[in-house]
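Enquirer: Annotation comment: TrEMBL describes 1-14, 84-103 as compositional bias 'Polar residues'. Annotated region 'Disordered' per TrEMBL: 1-112, in sequence order. Among the features that TrEMBL reports, compositional bias 'Low complexity' is placed at 26-39. Residues or ranges marked as domain 'CTLH' by TrEMBL: 147-206. Annotation comment: TrEMBL describes 326-360, 372-403, 584-616 as repeat 'WD'.
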Amino acid sequence: TLASAASSSDSETGGASPPPRKKSRGSAAEGAGESGASATVNAFYKMQANGTGGQEPEPEPEPQLPCRNGESSSSAAEAVHSNGLLSSANNGLPSTESPASDTSMKKKKRLSQSDEDVIRLIGQHLHGLGLNQTVDLLMQESGCRLEHPAATKFRNHVMEGEWEKAESDLNELKALMHSPSAVVRMKFLLLQQKYLEYLEDGKVLEALQVLRAELTPLKYNTERSHVLSGYLMCSHPDDLRAKAEWEGKGTAARSKLLDKLQTYLPPSVMLPPRRLQALLRQAVELQRDRCLYHNTKLDSGLDNMSLLIDHVCSRKQFPCYTQQILTEHCNEVWFCKFSNDGTKLASGSKDTTVIIWQVDPDSHQLKQLKTLEGHAYGVSYLAWNPDDTYLIACGPDDCSELWLWNVQTGELRTKMSQSHEDSLTSVAWNPDGKRFVTGGQRGQFYQCDLDGNLLDSWEGVRVQCLWCLNDGRTVLASDTHQRIRGYNFEDLTDRNIVQEDHPIMSFTVSKNGRLALLNVATQGVHLWDLQDRVLVRKYQGVTQGFYTIHSCFGGYNEDFIASGSEDHKVYIWHKRSELPIAELTGHTRTVNCVSWNPALPGLMASASDDGTVRVWGPAPFLDSQETEGLTECYSMDS
């Protein structure tokens, strides 16, 4: 608009007072005298007013202007860079000559190694999309090459099935490889494909010749050569493809072969397959790993998320908001546990009852389903069997009874008591669902069937907490010697696994059986690696005295840890971070137990001495101002 207004003003005043011209850096017109410069500027403004877009109306040919990439152009109008802008350095004004300093600025800038790598990665990706002309233009303009000419030739010969030429190309590539011995492996892969394609085409004699005269003399991977020879007996191509686990002759199998061959070539010669996608996937996975609140399925693909912004999960998506308060118990609630399929929650109380709650699959609200009564001493521990058909309830230290309930019918199947002097305070199911182990601090340690019949016993073990590993043989038991030992009821062996300096009040084990989470008296929550038998991490923040508090693994992929506390809070940590990422307030007395729903990563429950069970979920929809005031979730970012 500035140019139009100026030329309009010129016409009204007869051109008496033209606007001040912008000084053109390096313009030869500066030395041509004042009148010449004015004429040039006035001509330019007239062109703008006439809408000629800066094209020179004069018939005289203009001197050639160098482009940024070093190529010359026949006129100023043609001196256009790849981004569509004029390449001249004087703001689009035509100039009669360019000084040497200006020419040197316009020479093609030498690309750094990282720039060249990026261009090659982009080129490879575009080539995979079939934009070959764009790739050619990119490589031509940048002065880079996507891959070594010998590699290009090799690629084409492999994809066209010209095996003799591909083998010949290997000799040329050998000099470019870091490990020349890899040529033998590459040749073996080529000949294997050649052999299989002959077999598929029914050319058995040719295939036999490849096996005898080419593959066998390599003396490489003779075991595989024997397997290949067995494919000669295949009577049909479908049979061959099935036995060889091979796609068959064609683009798919040859592309797969090429991917294997590329692994032997240095990236300067041929890029690894789909390298840009691999780098982007790694970046996305790294961002997810660093995200403290990531609690959804890890999708390795790139299609379901944006690459334009960093991955960040909000605390609002995390289960730190009180979704429901269950007040049906009339005394302290000592334990709660979600079923293995996540559809039910069982809570045990000092009021002598167990309540089974149904989880609504859509709203995630809990509704009372059944009440199991009669536990005279109260219920301090619960264990679901693997298929959630049965639930075992245990009592506090002075309770010698164990109750096995059929959850579906609400009927008591077994009420077990070996002796009135026993103390059965803990229980764990064998993975087969047909046996369980139970014990207490008075030295009882039993293995029983569903009817309460004693199968095995271990004398003199004062048990605080129990867990059966997935191998079906090993039982972990924490005892009064501040340790966790592994007991094998089949061969009657035991071994020390964990040794702490303070009493282990409770522990739980991750799904894969690798990690154990311990609540240690006066110390808090400790994470142990059971395989390496080392203490991995001590989590900070929780208040743990000599009350029995039960913590849990939770969230998608069990990336999080939650525990109750004697300061009335629920603490949540990311497994890799010692500091809590959330402190949940709401309970008014000690929080005895926390259970994370194994099927719904955004649902968690906590049981407290205040007589309530709190159900935690993501925050409901709030506007930005309300979100700022959300105080129930306190974060300490590491």
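Every residue gets a Cβ built from N, Cα and C, even glycine.
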Enquirer: Other than its close neighbours in sequence, what residues sit by the repeat 'WD' (326-360), given a CB gap under 8 Å and a spacing of at least six beyond its ends?
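Expert: For the repeat 'WD' (326-360), the far contacts come to 366-384, 386-388, 391, 393, 396, 405, 407, 550, 589, 592-600, 603, 605-615.
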Enquirer: Taking only the residues in the repeat 'WD' (372-403), give me the average pLDDT of this model.
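Expert: A mean pLDDT of 92 is what the predicted model shows over the repeat 'WD' (372-403).
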Enquirer: For the domain 'CTLH' (147-206), how many residues does DSSP put in helix, in strand and in coil?
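Expert: Final tally across the stretch: 45 helix, 0 strand, 15 coil.
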